[in-house]
Amino acid sequence: MDKTKIIDGKMVSELIKTKVAAEVIKIQKKHHRAPSLTIIQIGDNKASSTYIKNKKIACENVGIICNVLTYPVTMTEAELLNLINQLNHDSTIDAILVQLPLPIHINSEKIIHRIITKKDVDGFTPEILGNLILGHYDLLPGTPKGIMLLLRHYQIELAGQHVVIIGRSNIVGKPLANLLINASATVTVCHSKTKNLSFFTKQADILISAVGQPKIITSEMIKENAIIIDVGINRDHDNKLCGDVDFENVLPKVKMITPVPGGVGPMTIAALLENILYLYYQNNNL
Ligand code: GUN
C-alpha cells in the first residue's frame, strides 16, 4: 500500500492526546480537580456502546474523568430532561454528552437544547452552531472539528477548492459545510435526495463522505488525484469495519485518503478531549 497517500488520523490524534494529557497534569497540580465528562446512554444500541466505550477509554488515558450513565430504553423524555437539569447544575461536571441516536419516543432536539451551552461538549446547541456559521469558533462539534484539524495538519489547501460533502446531518454535513465555506472553499452538499450523485462527486477536489453505507464510493465516481475524507464507520459482508469509500478500489486514483479505521474516527475523539478541556477552562474562569 502507498503509505504516502494515507491521511493518518490515528497518528494526528495521538499528537493531540499527548498535548491534552500534559495539560490535564498541569490542571490537576494547580486546581486539584480533573476535568470531567458525563455521557448519557439510553438503551443499548450496539454501535453507541462501542463509541461510548472508546470515548471513556480516551478520556481516562489522558486523565479526564468520564462517567457513563446508562438508562433503559423505556426512560421517558421528561425523565431525561430532568436528569439534564440536574447535570447542568452540578459544578463537578464540565461537559455533558447525550449519545445519539435516542429512542424514537424522545425528541432529540428538545434534549440537546436542554443542555446548558457552557457544558455542550458536542457543540450541537443552537448558540454554538449559530456562532460556527458566523465564524466564531470557541468550540466546534467533534467530527467537523476533527476533519478540519486533519486537513490543517496535512496542509491541504482549501481556498478555491471544490469540496463535495455527501450528507447533510446537523452533526457532520451542515457544520462542516459552513466551516469549509468560511475557509474559502467552494462547497457542494449532496444527500439522499440528490439526483445523479456521481455528477457531483466527480467534480470534487476534496470529497467528504458521511453516508453510512459500506463502500458505495468507487473509483468511477471520483476525479483523478482527488483527496478523500471518509466519515463512514460501517461493517462489510465479512463484518469487518469499513468506510463509505471502497478504499482498495479508489487508492490508485486518489491523491490522499483517510482509512477506516484510523482516519476520521480517532480525530473525532481527540476533538472531544480538546472540547472537554476548553469547557473546563471556561467553567472555572481560567
Ligand atoms: N452519535 C454519533 N456521533 C455522535 C456525536 O458526535 N455525538 C453524540 N452525542 N452522539 C453521536
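Heads up, the Cβ atoms here are built off N, Cα and C, so glycines get one too.
Database features, via TrEMBL:
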DOMAIN    7-122  domain 'Tetrahydrofolate dehydrogenase/cyclohydrolase catalytic'
DOMAIN    141-280  domain 'Tetrahydrofolate dehydrogenase/cyclohydrolase NAD(P)-binding'
BINDING   G167, R168, S169, I233  NADP(+) binding site
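Taking the features listed in TrEMBL, we show where each one sits on the structure.
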residue : record               : Cβ neighbours (10 Å)
G167    : NADP(+) binding site : 22
R168    : NADP(+) binding site : 17
S169    : NADP(+) binding site : 15
I233    : NADP(+) binding site : 20
List the helix, strand and coil residue totals of the domain 'Tetrahydrofolate dehydrogenase/cyclohydrolase catalytic' (7-122) as derived from DSSP. 62 helix, 19 strand, 35 coil
Just checking a number: largest C-alpha distance across G167, R168, S169, I233 for the NADP(+) site, rounded to a whole Å. 16
Going by DSSP, how much of the domain 'Tetrahydrofolate dehydrogenase/cyclohydrolase NAD(P)-binding' (141-280) is helix, how much is strand and how much is coil, in residues? 54 helix, 26 strand, 60 coil
